[in-house]
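Visitor: Attaching a single structure in structure tokens format; questions to follow.
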């Protein structure tokens with residue numbers, strides 16, 4: 001009976017014209033809210049979107065752009081987290097200015113992917129996790145959720161460790177790493193509830209943290225005075241003279257650090273905070289345009305900050321060995337008193353803190369302040385990502401505090417254990433492993449976002465055109481191939497037969513699931529010969545909606 005009822009409504013679509021409102025075809029997906037819980041709620045559901053920012057009625061203006069400003073800058077934090085800073089300084093120290101063009105290209109690719117994420121949120125009123133919950137069957141949906149959670153945990157470990165190291169440096173070692181982790185957990189809880197006092201106040205706080213990073217790393221840039229000619233050449237000439245496997249691995253690491261899987265889910269959710277009438281095609285189109293402009297500005301700012309870091313370490317440490325740096329620091333006349341504690345561990349010196357001995361103690365503390373701002377802001381956005389992903393995939397309707405507590409606990413517990421039982425040297429050495437972990441999760445964000453933004457049953461008139469389908473497919477293939485190379489290089493460097501066998505077994509399961517997502521994506525892109533039982537074909541949205549109700 002249920003199936004026949006569904007097909008009856010499906011057939012009715014052919015005999016009745018779909019309603020039109022202001023030029024856009026209305027469907028279940030054109031103005032849909034997150035799926036309601038079947039169980040009655042005793043407690044009101046509190047989310048980041050309790051307050052909607054109103055959009056002024058006017059033609060293009062900076063006042064209207066200001067109303068849309070916020071989500072893109074929160075999203076850009078992921079391009080400035082401690083993992084990116086670590087990748088930047090390693091790139092400068094190992095390849096000089098020669099890989100700046102890779103950073104520029106990765107940022108542009110990131111902008112194109114963020115555009116897809118923002119469009120999904122604006123057009124459907126749902127973020128990516130919610131759409132995945134409706135479109136994928138139960139088992140693949142749970143596997144996808146677990147993979148995204150792994151990416152969030154890996155990113156969060158980098159961010160919290162960055163904060164803990166910054167606090168350790170600012171206190172001249174008086175605050176141990178485990179205490180720095182606990183402090184980060186506490187202040188993250190406090191800052192996350194700033195949106196209770198107004199969404200714009202929270203966005204302003206993130207803007208303040210980005211400004212702190214720009215001033216801190218910009219100060220280092222002015223202090224070191226990099227060669228501007230070499231900088232421009234490295235940024236716009238896609239060539240790496242004299243580069244070898246070390247520089248190639250670093251180039252791959254830059255792409256892996258810049259394009260973050262959980263950031264796609266985050267951005268598709270953040271754009272829901274603007275008061276846009278999704279039944280009005282003109283408003284939806286306008287919102288897409290403004291969000292793209294805002295994202296471009298935000299990522300341009302993040303790109304400049306990343307360039308500051310790369311340039312500082314390229315100018316100061318390129319073509320210098322660790323022994324040369326350490327011998328300089330060990331010279332009694334060259335080391336200020338403030339560096340006595342800081343440089344008792346040479347591997348830490350080479351990773352940023354050595355600036356204090358080369359350019360004065362102020363450079364050391366200003367660098368630590370910048371790292372603290374990067375870690376704190378990215379930890380907060382990582383927590384938001386965890387909330388959106390968990391709510392979307394699992395359809396949770398818990399209290400706000402319970403959701404924040406669960407999300408934080410999942411991400412923080414492994415970080416705290418590592419901080420208690422390891423030292424700074426081992427923590428900073430985990431960066432490569434965490435980048436590999438996140439690289440492996442990229443297909444679980446990029447493939448779904450291309451899939452769903454290509455479906456007219458979901459996006460209506462705003463579905464990807466042929467150019468975007470082709471270019472999006474090429475970009476995703478290139479990014480995934482680059483990151484898989486990074487994973488293979490990392491695994492082969494482990495030199496363990498047991499790990500090789502384990503990696504091979506996991507790779508088979510991993511590739512099977514990626515193939516399953518790719519199959520759905522190809523169907524959405526129009527490869528109709530593969531459409532045998534796919535849940536994501538371009539059928540009318542009403543039928544898809546009813547199907548999901550029957551499945552549940």
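Any Cβ shown, glycine's included, is placed from N, Cα and C.
Copying in the features that TrEMBL gives for the protein in this structure:
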type     : residues : note
COMPBIAS : 20-31    : compositional bias 'Polar residues'
REGION   : 12-38    : region 'Disordered'
TRANSMEM : 100-122  : transmembrane segment
TRANSMEM : 175-194  : transmembrane segment
TRANSMEM : 206-224  : transmembrane segment
TRANSMEM : 251-270  : transmembrane segment
TRANSMEM : 291-318  : transmembrane segment
TRANSMEM : 352-374  : transmembrane segment
TRANSMEM : 405-422  : transmembrane segment
TRANSMEM : 442-459  : transmembrane segment
TRANSMEM : 466-491  : transmembrane segment
TRANSMEM : 497-530  : transmembrane segment
Visitor: Which of 100-122, 175-194, 291-318, 442-459, 497-530 shares the most C-beta pairs under 8 angstroms with the transmembrane segment (206-224)?
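Guide: The listed stretch sharing the most Cβ pairs with the transmembrane segment (206-224) is 291-318.
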Visitor: With pairs closer than 6 in sequence left out, are the transmembrane segment (175-194) and the transmembrane segment (442-459) joined by 3 or more CB pairs under 8 Å?
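Guide: By the criterion, they do not touch.
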Visitor: Give the nonlocal contacts of the transmembrane segment (291-318) in its own chain as ranges (CB under 8 Å, at least six residues past its ends).
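Guide: Residues 65, 68-73, 75-76, 79-80, 84-85, 88-97, 99-100, 103-104, 107, 110-111, 114-115, 118, 122, 210, 213-214, 217-218, 220-221, 224-227, 230-231, 234-235, 267, 271, 325, 350, 352, 354-355, 358-359.
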Visitor: Using a Cβ cut-off under 8 Å, which residues of the same chain at least 6 positions beyond either end of the transmembrane segment (100-122) come close to it?
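Guide: Tertiary neighbours of the transmembrane segment (100-122) are 71-72, 75, 79, 88, 91, 128, 131, 231, 234-239, 251, 254-255, 258-259, 263-265, 267-272, 276, 278, 284, 287-288, 291-292, 295-296, 299, 302-303, 306-307, 310, 446, 449-450, 452-453, 459, 462, 464, 471-472, 475, 479.
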